[in-house]
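**Student:** After the C-alpha cells below, expect a handful of questions from me.
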C-alpha cells in the first residue's frame, strides 16, 4: 500500500506517506499540504491520538465539533466494492455526504456520481469531474434543473411519470432516460423509497410508449430498494422486474436497452456481502444473455458511513441522583439529524481530555445511566437516552463513529448552531 498513489483534490501524498510508513516517523509527523487541507498518515489504531492532537493543539479556546475523514477507509471500501461487484460501476449518491475531499478521492478511485439537483451537479462539476460521469437520478426535476443539465452536458436521467417525459422532451431532448420502477418488496429498509418513486407494473408500458412518442431514448431501467439495513433479497425481485421492462421495450420496437441501474441500499459489512451475492445471482439469472449491458449503482452510505468520525465537546452537565445529563455542541438539528430522518442509532465514546487525561477513554471506570442532549433549546434535541457513560465533565469530549451518512449534509443552522461550519480533518489510516 505504501507505494500506491492516492489523489485528494489534486494532492499526491504518496511520498510523504512513504516517509511515515518506511521512515519511522511519528503518526502525526508528516502532513501533505493542499491549500488549507492536510492529509495525515496514521496507523489504524492512531485515529484516537490524532483526534486528541486536534483537540489539544487547535481547539484550546474554541472547542468546536469536528469530523475526521479516514481516506484509508474510503480506499478499503472502494476495493471491497470492486472485489464483490466488479462489473457494476458505482455512481456515488452525493446527497449522502458532499464533503469535497471525500468526493475527490472517490473520483480518483474511479467512482462516478448520482446527483439529484442542479446544485449537486454544479458542485461535482466544480471539482473538475466530467458531466458524462453524472446520472441525474431524480425522477421529478424542476424544469430549470433540466435546462441546466442540458446546458452542461449531463445526458442521463431518470423518470417515472408522463409529465417528466414532456419536460425532458421540451428542454433536453438529447438526454437518455432510465425508467425508474418501484420494487414490489422494499426490503424493510429504514428509509423506503417506494411510497414516493417508481412506476408500478401497470404503468410501465404507458410510460415507455410516452417516451417513444416523444422520440426520447429510454436506455434502461433503474430502481432503489430503500436505504439502510434493507433485506438483500429485495434485489432479486427488483432485477427480475427490470428484465420484464427490457422485454416490454423490445416488444414495443424500442431501441435495445443497454443500462441497468440497481440503485442504492448498500451498507458496509455483512449486509453488503449478502447484497452482493444476491445481486450477482439475479444478474446471472436474468441478464446473463446481455454481456454488453452496462450496470451501474447508486451507493451512498456504503462509502460514507464508516469513513467519518464526529468529535463533540461537552458544554453542560447536570446530576440527578445516579442520572448524568450532558449537553454537547452538536445534536439532532445538526449532524445527528440522522437519528430522526435516517432512523439511525448513534454511539458515543468518551475522550476525557480534561477530567481523566491519563485514561481518556475511561477504560474500567464506573458508568452511569446517561442522557445526552444537543445544544438547541428544543427538548426534542436529545441524542442519547439510557446510555451508559463514565463520569465526565464540561470540556471533556464525546466521539461518535460511523457518522458519514446523512449527517452534516442534512443538518440545519437552527438556533444559530451552524452545522455547515463544522470542519473536516483528513487522515489516511493504514490497515493494522
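Keep in mind that glycine also has a Cβ here, set from the backbone N, Cα and C atoms.
Annotated active site, proton donor per Swiss-Prot: 377, in sequence order. Annotated pyridoxal 5'-phosphate binding site per Swiss-Prot: 227, 265, 298, 299, 300, 301, 406, in sequence order. Swiss-Prot lists 341, 342, 378 with the feature substrate binding site. The N6-(pyridoxal phosphate)lysine annotation in Swiss-Prot covers 95.
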**Student:** List the residues of the same chain that sit at least 6 positions away from residue 341 (substrate binding site) in sequence and have their Cβ under 8 Å from its Cβ, in sequence order, or write 'none'.
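**Tutor:** When sequence neighbours closer than 6 are ignored, residue 341 (substrate binding site) has 406, 410 within Cβ distance under 8 Å.
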**Student:** Measuring Cα to Cα, how many angstrom lie between residue 265 (pyridoxal 5'-phosphate binding site) and residue 342 (substrate binding site)?
**Tutor:** 12
**Student:** Can you tell which of 298, 342, 378 has the least company, meaning the fewest other C-beta atoms within 10 angstroms of its C-beta, among these binding-site residues?
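**Tutor:** Fewest other Cβ atoms within 10 Å, among the binding-site residues 298, 342, 378, is found for 378.
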**Student:** To the nearest Å, how far is the Cα of residue 301 (pyridoxal 5'-phosphate binding site) from the Cα of residue 378 (substrate binding site)?
**Tutor:** 28
**Student:** Report the largest Cα to Cα distance, in Å and rounded to a whole number, among the residues 227, 265, 298, 299, 300, 301, 406 that the record lists as binding pyridoxal 5'-phosphate.
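**Tutor:** That value is 15 Å for the farthest Cα pair.
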**Student:** When the Cα of residue 299 (pyridoxal 5'-phosphate binding site) is compared with the Cα of each of the recorded positions 95, 342, 377, 378, which one is closest?
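**Tutor:** Minimum Cα distance from residue 299 (pyridoxal 5'-phosphate binding site) across 95, 342, 377, 378 lands on 95.
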**Student:** Tell me the Cβ neighbour count for residue 95 (N6-(pyridoxal phosphate)lysine), meaning other Cβ atoms within 10 Å of its Cβ, over all protein chains shown.
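**Tutor:** Neighbour count, Cβ to Cβ under the 10 Å cut-off: 18.
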